[in-house]
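A.B. asks: Here it is, the structure in full.
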Amino acid sequence: MELIAKDIHVKLGRKEILHGVDFTARAGQLTAIVGPNGSGKTTLLRALTGELPYKGSVVMNGHDCARIKPHQLAMMRAVLPQAANLAFPFTVLEVVRLGLTAGLASDTPDMSDRLPLQALARVGLAGFEGRHFHDLSGGEKQRVQLARVLVQIWEPMLEGQPRWLFLDEPVSALDIGHQLVVMQLARDYAAAGGGVIAVMHDLNLTAMFADQVTLMDAGAIRATGTPDQVLTNERLSAAYHCQLQVNTLPPLGGAWILPQAAEAG
Amino acid sequence: MSTQTISSPALGQKAVAGDRRSLSRFLSFILLGALGLTMLLSLGWGAADQTDVLAALTGTGSVRDQIIVWDIRMPRMLTGVLVGAALAVSGAVMQGLFRNPLADPGLVGVSAGAGFGAVAAIVLGGYLPVAVIALVGNYLVPFAAFLGSWATTLLLYGIATRGGRTSVATMLLAGIALGALTGALTGLIVYYATDDQLRDLTFWGMGSVAGASWAKFTASAPLIILTLIAAPFLARALNALALGEAAASHLGIDVQKMKRIAILTVAGSVGASVAVTGGIGFVGIVVPHLLRLVQGPDHRGLLVNAALLGAVTLLLADAISRSVIAPAELPIGIVTAALGGPFFLWILLKNRNLVEM
């Protein structure tokens with residue numbers, strides 16, 4: 001099962017941000033979208049999730065996303081926003097329970113009581129359920145939102161169909177330990193059959209965890225493939241407009257990207 | 001662990017920290033009891049009170065007592081219950097819709113819009129074709145008030161919300177402008193009123209349940225009851241909307257449809273209540289805010305309890321308005337403004353960050 005986007009054009013105001021992007025992601029894989037600021041990564045993600053109006057088509061598990069009702073779509077995929085501001089003073093548990101809005105695959109009162117606590121434990125926030133969301137740090141808030149998103153599509157497969165997890169910079173506000181927790185969680189979700197599409201800033205985490213990488217620049221896709229194929233000296237240096245040195249990390253064999261200082265005088 | 005852990009009192013079941021649903025249900029029972037008490041109080045409260053209320057209620061009292069209780073106090077009490085509930089619920093729905101605790105129909109011109117509709121119907125209604133008047137009858141004023149508040153809410157939402165984000169400053173300022181504009185139009189129409197109509201308008205304009213009658217009550221009650229029934233169905237969507245429009249839509253909410261229903265609900269309850277009692281301020285902001293402090297912002301419990309506490313609050317305010325300068329009466333709008341004004345300032349000071357953007 002796949003998510004296939006074809007010829008996606010997005011305009012914000014009068015400016016066209018995406019110029020006919022083709023994008024494919026497979027279930028069972030973690031697909032990372034990388035690229036410099038303003039390259040259109042988040043815009044692509046927001047088009048894929050239907051948050052922005054677009055021209056072109058997005059087909060998920062064989063269904064045209066533009067033709068599916070919101071509540072049906074909510075059973076198939078969940079979206080972690082970059083940052084969320086909450087209008088009222090909800091507790092952490094109440095925020096995570098919002099993930100139940102779409103309804104559960106197996107909706108029993110017992111399940112809907114247990115699942116939010118399980119999800120909080122999964123993101124390393126066990127014991128936080130009674131806190132006020134507003135009192136948390138940025139990284140904690142992001143993980144609470146992730147727990148809410150997980151509750152929405154807890155089982156990676158539903159009736160033989162993969163479910164999709166969209167993550168917009170899921171680790172940008174996190175310390176290194178929690179970055180690994182969240183990336184591992186995304187990997188596990190893909191390993192269990194779900195599809196994960198993540199906009200990433202950290203190239204090293206991308207190299208460590210992604211199955212597929214899409215490199216974007218200036219509203220277009222420059223390269224698609226495995227991390228080894230995409231994360232190369234020439235491609236990255238050209239896209240990010242700076243000198244990057246891609247090394248191979250001996251024990252894991254993964255890429256290890258280091259910035260090179262600008263040549264002095 | 002935090003010292004600020006919130007949990008419900010254990011009501012025969014183990015409560016998870018942060019889960020305030022049983023607290024909310026517990027509060028519903030208390031408020032239901034309080035409402036029963038205040039309803040009885042309201043029936044028994046009279047200026048020179050020799051009335052045996054219970055005898056009148058059971059039909060064994062004197063004819064005079066029965067008239068006082070059934071024809072004067074009963075419609076007044078029931079009007080207070082419905083209008084109080086409608087004001088508090090419309091406030092809560094509007095705050096959820098605008099994602100802001102400062103949104104209140106009275107503050108942002110929605111009540112003024114309803115007032116314009118009502119005044120226009122009272123003064124200009126006579127110019128309508130006889131067939132139309134015969135058709136709509138008593139419902140003309142509430143319906144016109146509903147149209148007025150609906151138009152104002154739509155306009156306000158259109159001005160203050162852009163791309164799913166509501167600017168609080170724009171909302172409050174646009175509300176002031178809309179209020180002034182509709183106020184001016186209302187004044188213009190009042191200029192054309194006859195003496196009889198003028199007396200009607202003056203009484204009504206102060207915000208009062210004193211003029212309540214069975215005729216006015218039955219004209220407005222259906223619309224209010226309809227919105228009170230509709231509001232709890234919005235609760236789930238309003239909760240999701242607290243995360244923003246995009247997140248709500250990702251959670252499976254049809255956001256556009258839900259906004260249309262929420263605006264209709266606010267307009268219906270504000271319009272119908274303004275048509276009976278005129279503008280009564282601050283109930284819509286104070287009641288939901290107090291409840292959020294106690295039971296949290298979950299709209300599923302909030303909307304139900306707001307209806308109950310709103311009714312209690314209005315009946316109590318009515319009792320105060322009848323006793324402060326007895327045997328004369330203060331308009332109830334003065335009482336709610338005197339109590340609600342300082343409270344609103346307190347909320348404003350606590351939420352400074354919301355306004356200063």
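Positions of Cβ are set from backbone N, Cα and C atoms, glycine also.
As annotated by TrEMBL, transmembrane segment applies to B:26-48, B:77-98, B:110-133, B:139-160, B:172-194, B:214-235, B:261-290, B:302-320, B:332-349.
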A.B. asks: With Cβ distances under 8 Å as the criterion, find the stretch in B:26-48, B:139-160, B:172-194, B:214-235, B:302-320 that has the most pairs with the transmembrane segment (B:332-349).
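C.D. replies: Most contacts with the transmembrane segment (B:332-349): B:302-320.
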A.B. asks: With pairs closer than 6 in sequence left out, are the transmembrane segment (B:77-98) and the transmembrane segment (B:302-320) joined by 3 or more CB pairs under 8 Å?
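C.D. replies: Answer yes, regions in contact.
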A.B. asks: Residues sitting near the transmembrane segment (B:261-290): Cβ under 8 Å, six or more positions beyond its termini, same chain?
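C.D. replies: Same-chain residues near the transmembrane segment (B:261-290) but 6 or more away: 79, 82-84, 86-97, 101-102, 104-107, 110-112, 114-115, 117-118, 141-150, 152-154, 157, 204-209, 211-212, 216-217, 219-221, 223-224, 226-228, 230-231, 234, 237-238, 302, 306, 309-310, 313-314, 317, 332-333, 336-337, 339-341, 343-344, 347.
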A.B. asks: Is the transmembrane segment (B:172-194) in contact with the transmembrane segment (B:77-98), using three or more Cβ pairs under 8 angstroms as the rule and ignoring pairs under 6 apart in sequence?
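C.D. replies: Touching, no - the transmembrane segment (B:77-98) and the transmembrane segment (B:172-194) miss the threshold of 3 or more Cβ pairs under 8 Å.
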A.B. asks: So which of B:26-48, B:110-133, B:214-235 is most in touch with the transmembrane segment (B:172-194), counting Cβ pairs under 8 Å?
C.D. replies: B:110-133
A.B. asks: May I ask for the residues of the chain that lie six or more residues beyond the transmembrane segment (B:110-133) and have a Cβ under 8 Å from a Cβ within it?
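C.D. replies: Those are 94, 140-153, 156, 175, 178-179, 182-183, 185-186, 189-190, 192-193, 197, 200-201, 204-205, 266-267, 270-271, 274-275, 278-279, 281, in sequence order.
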